Amino acid sequence: MDSSSRCSVIIIGAGVSGISAAKVLAENGVDDLLILEASDRIGGRIRKEDFAGLSVELGAGWIVGVGGKESNPVWELACKSGLRTCFSDYSNARFNIYDQNGKIFPSGLAAASYSKAVDSALQELRNQEAKLCGHFTASEPPSSPKTPIDLAIDFILHDFEMAEVEPISTYKDFGEREFLVADERGYEFLLYKMAESFLFTSEGKIVDSRLKLNKVVRDLQHSRNGVTVKTEDGCVYEANYVILSVSIGVLQSDLISFCPPLPKWKMEAIMTLDVIVYTKIFLKFPSKFWACGPGTEFFIYAHERRGYYTFWQHMENAYPGSNILVVTLTNGESKRVEAQSDEKTMEEAMGVLRDMFGPDVPNATQILVPRWWSNRFQRGSYSNYPILGAKQTFADIKAPVGPIFFTGEHTSEEYSGYVHGGYLTGIDTSKALLEEMRGEGERKEESKKFLLEPLLTGLTESLTLTQKETVSRLRKWDNSRPLVVQEPIK
Ligand SMILES: Cc1cc2nc3c(=O)[nH]c(=O)nc-3n(C[C@H](O)[C@H](O)[C@H](O)COP(=O)(O)OP(=O)(O)OC[C@H]3O[C@@H](n4cnc5c(N)ncnc54)[C@H](O)[C@@H]3O)c2cc1C
């Protein structure tokens with residue numbers, strides 16, 4: 001499809017939500033669709049890269065939520081595609097906490113610190129609930145962590161294990177097990193499998209002109225007649241509808257302008273959401289110097305600076321003999337490291353490893369530092385809703401504005417932040433759009449009828465139809481805010 005020709009739906013972004021949305025449309029007979037993707041590949045935040053002869057996942061690495069009462073749809077796709085995965089057992093991580101002199105903290109101390117952190121998180125939750133209910137009486141402030149071990153555990157609890165404080169839907173619905181994707185085709189192979197069911201492929205590559213890569217959307221002009229989409233390279237595309245699947249970080253940035261601008265309630269909701277930056281740094285070594293065997297995969301470094309190279313993983317379970325370590329940073333530390341050279345990051349990481357394992361640790365031979373925050377097509381790793389009182393924000397973020405439908409992990413009420421969240425929202429958004437398109441079709445039929453009816457039945461009756469038509473259009477296109485009744489807090 002060329003620039004200038006008009007299609008039914010343009011999908012902006014070819015991450016998991018964009019691809020699952022397009023698949024549902026194609027399966028329902030909407031073949032004249034177009035996918036515009038800013039980068040040179042599909043996958044978005046699912047992205048593999050070759051590192052030291054292996055395929056490592058820079059973005060999503062785990063299928064989270066397996067083994068529960070319902071089956072995680074992404075796990076099903078992985079099983080069907082024969083994706084190689086590896087169970088991750090985090091349960092010992094909190095007992096592998098190293099101090100700055102390389103000693104492992106006694107398990108009793110770690111357990112006490114952990115329960116203090118859980119108590120404090122629960123207290124914070126109670127305070128938030130009280131505030132939401134309008135009880136402004138002074139409540140007990142949660143104690144803040146101060147020692148290196150308390151800081152490390154607080155980091156793990158809040159940045160990795162929120163489920164311990166407030167059970168999250170992913171674990172409740174799909175189970176608490178997590179599997180690391182360790183397959184040279186990458187996690188993104190699941191997206192290719194989905195895409196090949198409705199796009200033309202040849203020799204493992206998508207060759208369908210309905211997928212356009214390197215198309216950076218910069219401008220969306222929308223009205224009740226449809227949407228005009230302009231890309232950075234000067235192309236113009238037109239469609240009846242758009243599904244916008246870019247991340248919340250991109251929506252918060254000025255990459256895409258809207259004409260007319262998005263309504264105030266929409267922008268306020270978009271700007272309310274937190275964006276988490278999550279960075280996995282990969283380090284290759286000439287030999288192993290860390291503990292291997294059961295219960296050692298994850299280990300923690302306790303430092304007086306919260307989140308300073310805290311969470312480590314060795315890749316021996318996933319790739320035996322690979323001699324690769326991964327350290328995860330988040331938010332402020334991620335942004336700091338993104339802004340400095342990889343040599344500096346390597347130096348800092350080596351300092352931490354020598355604190356834990358002694359001065360003889362050999363230098364890493366390679367380092368890989370993803371930059372999700374600086375990437376203008378991502379601007380972060382995933383969305384973070386507040387635990388309480390987010391219903392209206394969620395409804396506003398998800399709500400369509402005229403012919404623009406919003407999708408992506410950030411529009412998932414239950415599974416935001418996850419691959420399965422993105423996958424399921426793509427499906428839901430397309431279903432909602434198909435319903436809208438059917439309604440629009442019926443309205444058109446009705447209006448055709450209305451043009452004929454005066455001839456048959458006279459003027460009075462047709463005037464009633466005109467009013468009905470106007471009201472129904474107003475309801476669809478008035479950009480009004482979806483109102484949500486807040487559920488009482490249990
Ligand atoms: C480091 C990291 C670790 C993660 N770990 C996990 C994990 O272990 N398990 C898990 O389930 N989830 C994890 N996630 C989250 C998961 O990757 C995302 O929730 C999911 O992939 C989001 O899919 P999406 O389709 O909503 O968005 P995206 O994948 O971001 O897709 C949006 C697409 O839009 C494109 N785009 C942006 N701007 C434009 C534009 N102007 N014009 C055209 N195209 C544009 C982007 O290039 C992108 O391809 C992780 C994410 C990161 C970054």
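Including glycine, each Cβ sits where the backbone N, Cα and C put it.
The annotation domain 'Amine oxidase' is assigned in TrEMBL to 16-140 (among others). Counting residues per DSSP class in helix, strand and coil order gives 50 helix, 24 strand, 51 coil for the domain 'Amine oxidase' (16-140).
Among the features that TrEMBL reports, FAD binding site is placed at S17, E37, A38, V217. For S17 (FAD binding site), the same-chain residues 6+ apart in sequence whose C-beta sits under 8 angstroms from its C-beta are S245, T407, G408, E409, T411, G422, Y423, T425, G426, T429.
Among the features that TrEMBL reports, domain 'Amine oxidase' is placed at 171-433 (among others). Averaged over the domain 'Amine oxidase' (171-433), the predicted model has a pLDDT of 96.
Compute the center of the Cβ atoms of S17, E37, A38, V217, which mark the site for FAD; besides them, the chain residues with Cβ within 8 Å of that center are I11, I12, G13, A14, G15, G18, I35, L36, S39, G44, K215, S245, V246, F377. Spanning the listed FAD site, residues S17, E37, A38, V217 have a farthest Cα to Cα distance of 17 Å.
Mapped onto three states, the DSSP output places V217 (FAD binding site) in strand.
V217 (FAD binding site) counts 24 other C-beta atoms within 10 Å of its own C-beta, drawing on all protein chains shown.
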